[in-house]
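Some features that TrEMBL has for this protein:
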- B:32-50: transmembrane segment (TRANSMEM)
- B:62-84: transmembrane segment (TRANSMEM)
- B:104-131: transmembrane segment (TRANSMEM)
- B:152-174: transmembrane segment (TRANSMEM)
- B:186-204: transmembrane segment (TRANSMEM)
- B:216-237: transmembrane segment (TRANSMEM)
- B:257-275: transmembrane segment (TRANSMEM)
- B:287-306: transmembrane segment (TRANSMEM)
Amino acid sequence: MKLGFLVDLNLCMGCKGCEIACKVENEVPLSTWRLRVKYIDLGTFPDTRRSFTPLRCNHCESAPCERICPVSALHYLENGIVNIDSDRCIGCAGCMMACPYGAIYMDPETNTADKCTYCAHRIESGMMPACVVACPVEANIFGDIEDDHSHISLYIMEHKGAVQVRKPEKHTSPTHFYVGGGNATLNPLAHQRIEGFSLFNDITHLEHVGDKNHGILDRFLAPFTGHHGPTDNASFIESATDTESHEQEGGH
Amino acid sequence: MVESTINATQAVVTLDVPIQGLVWGSIITVNMWAKSIGTGVVFLAAFLWFRHKKDEMPNLRWLMPVLAFVSLNVFLLFTLIDLHQPYRMIHIFTHPHWTSSITVGAWMASLFLAIITILMVIGVADAFPGLGGKKCKLTAIARNNSGFYEKIMPFMVFLAIPVTTYTAIIMAQSSARELWQAPTEVMQMMWAALMAGSAALIFISGSWSKEARKDLALVLTFAVFFSFMMYMGEYFFSFKSSEAEAVLAYVHSGGAYSVEFWFGMTLGFIIPFFLGMSYMKSENMTLLRFAAILALVGLFLVKDVWLKIPQMLPLS
């Protein structure tokens with residue numbers, strides 16, 4: 001069995017339901033994402049259109065993150081999922097530097113690398129990933145790509161010639177496919193990022209909001225200063241009531 | 001807004017949430033810079049002992065391992081500091097993953113440091129016979145095994161090669177960063193080691209013979225020249241992925257890090273080259289020391305830029 005993912009970009013309407021479902025299901029901390037939906041605008045006014053591209057871990061068959069991880073925190077499951085063990089991770093960020101898709105982030109609560117696991121815990125229980133369930137237009141198709149009769153295999157065969165992967169030149173053999181994507185959608189250089197003109201681009205990065213021990217010295221002293229484990233989102237919400245300091249940090 | 005988009009696609013990003021900025025910052029630069037000194041002094045010491053008599057460089061036997069020991073500990077400390085979970089460093093030894101250059105490098109660097117420590121203890125014990133008093137067992141053992149120094153020295157020189165270059169392989173494994181290519185990065189690491197090693201040894205070469213000092217100046221001059229040529233080749237004539245070329249084009253056009261890069265190049269490579277050349281004629285030790293300082297500062301700046309600019313690549 002080899003699990004794969006396919007997003008039909010012709011269907012995706014950019015509702016970000018998948019993004020939110022992922023955050024809720026996996027308790028992804030504030031300011032970090034396992035799955036995000038990129039918007040690009042194409043064409044010249046008045047002939048313009050907006051395209052949406054959900055981006056997540058590609059679960060590559062030849063994953064650079066798995067190869068560079070010094071402690072096997074990133075590892076393959078039997079079903080092809082590139083899983084991550086946060087108890088093993090040492091936080092070297094090698095995987096973040098190796099992933100050509102920018103799919104790995106440093107969890108600000110645990111100080112370990114984290115990423116999309118295709119909701120491996122749900123799959124183990126026979127359920128679909130949260131983003132698949134949440135999609136209102138069934139643009140996310142998930143299943144066994146080695147089974148010729150699975151929905152995803154049939155979809156790939158039906159759209160033969162139109163199925164794409166991100167950055168094939170990296171030879172990572174992703175198991176995450178797109179249908180209906182063009183060069184402008186999937187190539188990072190085929191579009192421009194204009195500072196000051198993007199929607200919501202004034203994002204406040206709440207780096208390591210939940211971890212009071214993120215400073216270099218604090219990280220070393222944490223075991224000796226009575227720090228009891230990571231702070232979770234709930235404790236952040238409590239601390240976030242101090243709006244004045246939040247605004248001073250550039251928040252809104 | 002769309003008027004200024006790329007003509008071919010007429011596409012502009014209106015919403016994207018970058019996951020990370022700089023992941024490996026100046027801490028990693030210190031790491032690489034200190035390692036260059038740590039292994040470079042070993043290469044240079046071996047070269048000088050091959051070329052000259054040992055009594056022409058009397059303090060080299062103990063100062064070389066001391067310099068290497070301090071540099072390597074700085075290198076390892078900064079490696080540890082960069083980890084988000086520093087106490088789990090032990091996992092590299094208890095749960096090693098051998099496809100990772102980080103693992104292989106950590107093991108080799110640890111072995112290298114162990115050998116350096118032995119050489120340092122022997123070298124210092126021999127150089128300072130009164131150290132620790134008569135009852136000190138450690139110095140007594142070291143002095144009784146003085147010949148061991150020369151026996152393990154060749155193994156250490158041999159080990160210094162992969163310890164110098166393994167960081168280049170880590171960078172090559174970082175496949176999202178096209179600017180760090182294995183063959184060129186390996187050579188750059190080697191030249192950096194020779195540059196940093198010769199610069200560091202220049203400071204302790206005051207009592208050495210003129211010929212030995214001239215050799216140091218020669219290595220420094222060659223190393224900065226070839227390093228400079230490699231960087232220029234990479235900077236102007238690289239034929240890499242379109243993403244890497246795009247980020248280089250951005251730096252070329254005066255974007256972020258452009259000033260730091262050229263400042264480092266001038267300070268660390270161009271000026272030391274001419275100062276090194278002038279030492280061959282004038283034998284002005286002050287100028288040579290100045291060249292060594294500039295080379296170390298410039299090397300740091302350039303390494304810092306080279307580490308950071310590929311991280312500006314848009315990944316989505």
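Quick reminder: no glycine exception, Cβ is built from N, Cα and C everywhere.
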Inset, instruction - Sort out the residues at least 6 away from either end of the transmembrane segment (B:104-131), same chain, that have Cβ-Cβ distances under 8 Å to it, and list them. - result: 35, 38-39, 42, 59, 61-66, 68-69, 72-73, 75-76, 79, 92-93, 96, 98, 138-139, 142-143, 145-146, 148-149, 152-153, 155-156, 159-160, 162-163, 166-167, 169-170
Inset, instruction - Run the contact check on the transmembrane segment (B:152-174) against the transmembrane segment (B:287-306): 3 or more C-beta pairs under 8 Å, excluding pairs closer than 6 in sequence. - result: no
Legend entry - Same-chain residues near the transmembrane segment (B:32-50), Cβ under 8 Å, at least 6 residues beyond its ends: 57, 60, 64, 67-69, 71-72, 74-75, 78, 109, 112, 116, 153-154, 156-157, 160, 163-164, 167, 189, 192-201, 212, 215-216, 219, 296, 299-300, 303, 307
Inset, instruction - Could you check if the transmembrane segment (B:287-306) is in contact with the transmembrane segment (B:62-84), meaning 3+ Cβ pairs under 8 Å among residue pairs at least 6 apart in sequence? - result: no
Legend entry - Residues of the parent chain within Cβ reach of the transmembrane segment (B:257-275), under 8 Å, 6 or more residues beyond its termini: 199, 220-221, 224-225, 227-228, 231, 235, 251, 287-288, 290-292, 294-302, 304-306, 308-309
